[in-house]
Amino acid sequence: MDFRRKTRARVVRKPQYENLEIKYPHNVALYRTPPIEDIKINEFEDLALERLKVLRILEQANSKNLRFLSDEWKESVNTELNREGLRGYLRLCMGNSVNPSTDSNKYEQELQARRRDYISHFILRLAYCRTEELKRWFLTREMELFKYKFSSMSSTDIKHFLELNKLEYVPLNDSQKDSVKDGLYESTVGQSISKIEMLDFYKVPFTQVLDLVRTRRCYLKNGFAYVNTHDFVSIIAVIQLNEIEHGLQSAQKLIREVEADERIFHLLKSLHTSYTGKDYALNKEGIVSPESLDQLSKKSFPICMRGCHEYLRTNHHLKHGGRMQYGLFLKGIGVTLEDSLRFFREEFTKKIDAEQFTKRYEYNIYHNYGKKGSMISYTPYSCLKIIQENAVQDDCRGCPYKTNDASMLKVKLASYGLSSAHVQEVMGYVSKGHYQLACGKYFQIMHDSPVELGVHHPNQYFEESQNVMGNRSTKKLSNTKQANRNRRGGPENAQVMNADEDDELWNTAETQESTYNSMQAEKSAWNEDLDLTHIDC
Amino acid sequence: MPEEETSTVNTAKYDPNILPDMLPVYYKRLFPHKPFYRWLSYGLSESNIFANREFSYTLHDDIYIRYRCYDTQSELENDICSTCPHKIDIGAVMNTKPKNFRITSTAMQPVQRELVFDIDMDDYNDVRTCCTGATVCLKCWKFMALAARLLDAALREDFGFEHILWVFSGRRGVHGWVCDYDARHLDSRGRSALAEYLQITSNVTINGVVIARVQIGERMHHSVRRALKFIEPLFEEIVLEDQNLFGDVKGVNKLLLMIPDDTARKDLEAYLKKTHDDGVHSRTIWATFVRYANSMRTGTANVWTRKLKNIVEEIQLGILYPRLDINVTKGMNHLLKSPFCIHPGTGKVCVPFNCNAAAKFDPTTVPNIAQLLQEINAFDDKSKCQENGSEDKSRIKDYKKTGMFKGVVVFEEFLRKLESSLKAKAIDVSDQTMEF
């Protein structure tokens, strides 16, 4: 046994076994203190890429529209982890801890996995602390990983975890529970009454379980939420979230110093540019004239934008929500500021006079293009953002699959030329709440294409459509990257936006994730294996 | 102040064109500067809590200035009196002085801000038949009063907030300001979660009509149950009697559209056609609908026993549950019109009102600026006649001579509670830090 350990030690050059156990006492870490050991630059790189693969697998699972932490989701993630040879992470995610006394070899592997997990997390913090968008992508992914790991823990594991991290949560005693039992019965979602009687409940400030509050899944009284053991992960997740967020902030402060080392600088930089995701804020691929919009709207617009266009043509007006949604989309597909002004002016002035238009609406258009006010060129809305919009009378914002009643949607789809069988197919997704899948189906039907498109962004829909019809070429990726780099300039840029956009952006935490997805889709089209090693450092 | 008296004075018509001439007098004599400062300074319980607050003004011709801030009450008062804004908006407390935002090195960020709510009559246009557009009457106000009471209860019971100021927005809407320490310090994520918690309706477009639908689900969440407790007793009065919402073909259609199932809707439509002529009173239509739904629910398993088992409650909620503009609540940096502003369109003062007595509040009798000025003039004349030169009388605060009085009293009551809780908190803190 001793012998075996030594040979392994020579290969991996690991620190001492006991040392590892003290440093990484649990499969699930909160990543509170940065690691201080020295590692080789090769390992630094390996660890970073390895974790990136993991995060990417998680992201892909989402884009397959699997429900987070459902059995199918887990299976898909596990298969991918296995296929990519990420057995260490698989082990951490599966949670079935090894007993050190019976299988010390396996246990040691587990410790190694913990170490890789721990160190790589901190490396990626450095790579992802540069902009708000990157941070948000990283945070979303890390939280998924954390929740996955946490969900696999047994109750003893959880207890051990809480002790290690000095998190003291005491469940309500019987009399405390009894005093709020009506509320618990009424408002604890997902558990039967008899289960609720058995379960332990914890009383925490509502700000600690915002996801449960948002969806009305727990009992709330006087600012406190009553959370059962099954939802306990919500509490810990917020702690983890804050931990990573603060970590990213401090990483941002240190980044200049770290990058003084050129090797690290190149590695981090290339990670960064390779995984930025597609940015639709500036169109780089050609100019679309307003005259062509009538044609394009029929062929290449998703129905949310086609609806906006038709609404504008018929009513010669769009309310603010619709103007934002449609105006930014137009910017993204390549309508220039001047054209955009002209287009909206021509349409609006059929109803109001030119002076009113100038006074009331022009600013808004300049603003969207980043020429007035905060001077930020705003990003077109993603599907997730649009789906969140609530329908408003006399406006056309929002995702039509969601905001339209089924019967009306059917009529609309039929009027767009879908056969009744096709309408049924699309409606099948709609009735289950899969609006993006419905949109992908619509794309497939309209373009007579063999596969459904995974739709994440109206502008991605447009581009894919143009690609399918052969109007645009696919391989502009390198240009895009270059443009991204130039545009972004420095972290200051993104920070300005932070102040008042943060809340909104948080809600649509996946905005940039979805843009990223679309690039992913594009990439995987010509790179099936998703080989990460091609990244030059 | 007795109402009869104000109603006799209430003759002055408001004319937007002379607003600029009236504002200087209003700000000088009537705007409650002192209580206003007492509110926003929060007893100076936190550093820079007043000095870093953003104020912004709308001037004549829609000129808009942002990022004003002041160190003291008199600075604020002087600036308001000299700029005479047509509208004052209150923003967040920033991490730095807002007016310096272009010259400071760090990005300006909000550090605290009241949790605010905005309910607009516009969002009720599809369920009110009494008025349209900008007009508002006592019947419309019932929607607002109910919304404010319901939200007030939710904020107090579920979230434990105590210091909530409800303000009439000058025309037909209502603003709510939650001023508890924890509410002011809620981050964007917290605000957005809380706003979505309170928004139980989701809008659906059907045949060009936007319908607010609610889905209750298996068990009724306590917040939904409470909402029903507020709504059910008033449903008949507001929806069936006052608005007679289902009293014509269009109205009945609205009721039908609220049913989220095609077949069930068609069945009900046929049933209603069979049993009633067009134009029957809402009460009858509703009673028939409830009877129909109940009989379907007790029958063999069908869509009414599953998906539609709470449909009666869901429709009541859909019509009367507060319709929030949640983006106002979500943003920490959202500007909101200040209490005691003059609404430029109506000339009315944005007066705070007592939420518990919201039903008794009458937006149509809220004084406009012209009336107010007339009232102080009348008062001045009278007191001059009675006691020439008596010091005591002229000491009476000007707003106490007018119909604004009640609003200021509500405001001061709110401040009194707020300040005593701030004091209690300060004592708590000093007790805790005491070293022995």
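Counting starts with 1 at the first residue shown.
Heads up, the Cβ atoms here are built off N, Cα and C, so glycines get one too.
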Inset, instruction - According to TrEMBL, A:Cys383, A:Cys399, A:Cys439 bind [4Fe-4S] cluster; so which of A:Cys304, A:Cys308 is the extra one listed there? - result: A:Cys304
Legend entry - 8 Å Cβ shell about A:Cys304, A:Cys383, A:Cys399, A:Cys439 centroid, [4Fe-4S] cluster site members excluded: A:Pro302, A:Ile303, A:Ile386, A:Ile387, A:Pro400, A:Tyr401, A:Lys402, A:Tyr435, A:Gln436, A:Val455, A:Pro458
Inset, instruction - Any same-chain residues 6+ apart from A:Cys439 ([4Fe-4S] cluster binding site) with CB under 8 Å of its CB? Would you list them in sequence order, or say none? - result: A:Pro302, A:Ile303, A:Cys383, A:Cys399, A:Tyr401, A:Leu453, A:Val455, A:Tyr461
Legend entry - Nonlocal residues around A:Cys304 ([4Fe-4S] cluster binding site), in sequence order (Cβ under 8 Å, 6 or more apart): A:Gln325, A:Ile386, A:Gly398, A:Cys399, A:Pro400, A:Pro458
